[in-house]
Amino acid sequence: CLMDQFHQKLRQQHEDSMHRELETLLNTANKAEAETSRKDFEGFKKLFHRFLQVKGPSIEWAKINRPPEDSIQPYDRIRAKGLPENISSCLNKLAVVKLNGGLGTSMGCKGPKSLISVRNENTFLDLTVKQIEHLNTTYNANVPLVLMNSFNTDEDTKKILQKYKHHQVHIHTFNQSRYPRVNKESLLPIAKSMGVSGENAEAWYPPGHGDIYASFHNSGLLDRLISDGKEYVFVSNIDNLGATVDLFILQHLMSQPADRRCEFIMEVTDKTRADVKGGTLIQYEDHLRLLEIAQVPKPHVDEFKSVTKFKIFNTNNLWISLPAIKRLQEQNAMDLEIIVNPKTLDGGLNVIQLETAVGAAIKSFNNALGVNVPRSRFLPVKTSSDLLLVMSNLYSLDAGSLTMSKKREFPTTPHVKLGSSFTKVQDFLTRFENIPDMLELDHLTVSGDVTFGKNVSLKGTVIIIANHGDRIDIPAGAVLENKIVSGNLRILDH
């Protein structure tokens with residue numbers, strides 16, 4: 001019909017204009033840069049092409065089914081199979097990939113998020129290196145660490161890597177693609193040249209972690225790891241302190257018969273009220289699929305958030321077969337759902353970012369499986385409230401791994417909400433003389449201008465609210481058990 005022809009023509013015009021603009025941009029780059037950027041742009045063109053084709057939600061709600069029983073295994077069943085007989089030979093077939101593209105901006109920090117100190121002066125990166133080094137020394141293995149950086153984090157991360165030279169871990173890095181932000185109205189790049197500073201500072205973005213497959217492959221590192229005898233990668237967010245190498249899951253992967261090799265495991269865990277936005281696993285047209293909140297049609301969002309219909313969510317701890325990534329990349333067979341992320345820049349310009357999610361690829365791999373793991377494997381540090389938990393005596397640190405303290409009676413994590421005065425890590429640190437004892441805490445809410453003296457103990461439910469213009473100094477040694485504190489309390493040095 002005419003309308004379709006008209007839309008087809010319009011799409012073709014948008015695509016032609018986009019390709020022209022990208023060529024113009026490439027002409028402003030030096031030779032080395034142009035080569036990398038050309039690869040990046042090839043990927044972007046594919047994404048942009050698919051973005052123009054897609055109409056409406058990519059999911060028909062009526063076709064969604066709960067995954068069949070055996071497609072999400074309880075962790076205990078995997079654990080019951082025991083450890084591999086030869087742990088080191090299993091480990092030698094593994095590489096660990098950490099997603100390291102993010103900045104610390106949401107926590108008020110400059111530079112890569114992985115360089116924020118989280119525990120005893122250790123950064124996220126320090127803890128990761130310690131964990132893997134501990135594996136390598138304990139089992140006499142060679143598990144390499146691979147960091148997927150973005151153009152935002154690459155330089156700063158590489159400077160820091162010097163300090164791990166004498167550690168028993170081989171560290172590799174590769175870079176996520178750099179894609180152009182697109183003007184929402186004209187659907188053209190806002191960049192004036194390939195530069196990343198000045199007027200171009202906001203012109204680029206890293207396109208979500210779904211980009212790992214293409215950029216890993218393009219960097220040559222994927223082939224290198226395969227030729228080193230690696231069969232699987234364990235992928236996770238660098239800010240998830242619970243994402244340690246699990247030998248039971250590794251054994252499960254390694255022990256499958258050759259004709260039923262499991263190419264993809266997604267670790268999921270039970271939803272709580274705090275996780276209503278997390279992506280979930282569904283059965284869709286005979287495949288396991290990741291359903292993200294961004295793909296849900298508006299009328300069904302509340303249903304998506306319900307803890308009863310969708311009981312689990314994706315932790316983004318993933319175990320993926322390297323040969324399978326290579327096969328799917330070479331066949332161009334990964335059809336990742338596009339996440340359209342609208343942004344308003346400082347000057348008020350509306351742009352869109354086209355992104356994809358790493359877990360969305362689950363539908364393309366053979367014999368994919370969900371494993372329902374304990375909550376302890378999901379310990380992300382996104383806010384200063386999370387930071388308070390991981391710095392406290394609720395957790396003990398051993399060889400780079402955090403585990404819930406034996407002294408805590410029940411294994412659930414307390415619910416902590418710190419107000420806006422605590423958002424930035426610097427401010428957060430100045431408000432605590434030291435981290436309170438939280439072994440018996442269930443719930444903490446703090447709002448307003450509040451500080452904590454030394455050796456404070458918080459138990460049960462504690463709510464501290466300083467109204468605008470007031471300040472509350474919790475005195476050193478105070479024990480607050482099931483208390484609400486409000487009003488004004490200043491404690492000054494005499």
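Every residue gets a Cβ built from N, Cα and C, even glycine.
As given in TrEMBL:
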BINDING   Lys113, Gln176, Gly208, Asp239, Lys382  UTP binding site
BINDING   His209  substrate binding site
Between Lys113, His209, Lys382, which of the binding-site residues has the fewest other CB atoms within 10 angstroms in the structure shown?
Lys382
When a 10 Å sphere is centred on the Cβ of Asp239 (UTP binding site), how many other Cβ atoms does it contain?
22
Neighbouring CB atoms within 10 angstroms of the CB of Gln176 (UTP binding site), all protein chains considered, total 27
The number of other Cβ atoms within 10 Å of the Cβ of Gly208 (UTP binding site), counted over all protein chains shown, is 23
Give the maximum pairwise CA distance in Å, whole number, for the residues Lys113, Gln176, Gly208, Asp239, Lys382 listed as binding UTP.
21
Between the Cα atoms of Gln176 (UTP binding site) and the residue listed as 'substrate binding site', what distance do you get, rounded to the nearest Å?
8
Whole-number Å distance separating the Cα atoms of Lys113 (UTP binding site) and His209 (substrate binding site) is 15
